[in-house]
Amino acid sequence: MIAAQAKLVYHLNKYYNEKCQSRKAAISKSIREVCKVVSDVLKEVEVQEPRFISSLSEMDNRFEGLEVISPNEFEVVLYLNQMGVFNFVDDGSLPGCAVLKLSDGRKRSMSLWVEFITASGYLSARKIRSRFQTLVAQAVDKCSYRDVIKMVADTSEVKLRIRDRYVVQITPAFKCTGIWPRSAAHWPLPHIPWPGPNRVAEVKAEGFNLLSKECYSLNGKQSSAESDAWVLQFAEAENRLILGGCRKKCLSVLKTLRDRHLELPGTPLNNYHMKTLVSYECEKHPRESDWDENCLGDRLNGILLQLISCLQCRRCPHYFLPSLDLFQGKPHSSLENAAKQTWRLAREILTNPKSLEKL
């Protein structure tokens, strides 16, 4: 048994050093190319409208606010200033979303975003995005990369197609630190010892972002109040959560397997589903020793089986907001197809670790 486990870990490490590292290198190269173009567009936007200041900056070889959705798809979060005069309200009426309401006694004129405040005193995510989309469209025509960029049509999101190879979504957002949303107040679960009080404090200190984008749970039935709402996002908190042991290595292997074998019609799975399942696996295996390098095979196997279960049940709960289903709106047939493919992959890796050389 131990020999089989060691064999699997050996092949997984080999897979990580060869396939995962070359994937990382290729994505880093793509990110540089994409960020060069996006920075140019945002510079142009800032000239037209100084309230939209580019926050895309490089720190320790990573770009602040950039998320990799898949090797050719990225999201850049553009942090806006001056949320101060608004109260953050998440009463659970819009799963995964919250609203920003003008604080009592504050005048509209005190806000930097005065013309985007609705009659009832809410800062409208949709109105800000609509204005931003117009500015980006103008900037695309003026910037030095105009020959290689196109705006993606038929969406209220701000999406650019670059060199017909990459798609980048640019999302206006507010960063919220020092508070934790009520809709995530149940976390951490009292009966689970992971991640421990110190890590919990660090994660909550990272806070969350409020994004101006279409919300999962509201697809197809947006009233005006809902389209004014902001989407909760926990990228930095989630990154902080999966530090230590072989967690990040495990996620890297999962992303590489996804890119190579689970990029399927209807796009049932993305990197975020993998990241979410790693967090759930941490709860199931709370001890640090469960994430030693020699446990990599067991953890990967556990996550793949959990993924198959989620795909078959057609439900993948968001880690911090479990009432939010990350498979919402995905075609059932594409989830079934992904379940079959994942099962093939898991069986192959478990019964014949050497097959990783070909995967």
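Quick reminder: no glycine exception, Cβ is built from N, Cα and C everywhere.
These figures come from a predicted structure and were not determined experimentally.
Here TrEMBL flags 63-242 as domain 'Mab-21-like nucleotidyltransferase'. Residues or ranges marked as domain 'Mab-21-like HhH/H2TH-like' by TrEMBL: 246-343.
Across the domain 'Mab-21-like HhH/H2TH-like' (246-343), the model assigns an average pLDDT of 96.
Under DSSP, the residues of the domain 'Mab-21-like HhH/H2TH-like' (246-343) split into helix, strand and coil as follows: 66 helix, 2 strand, 30 coil.
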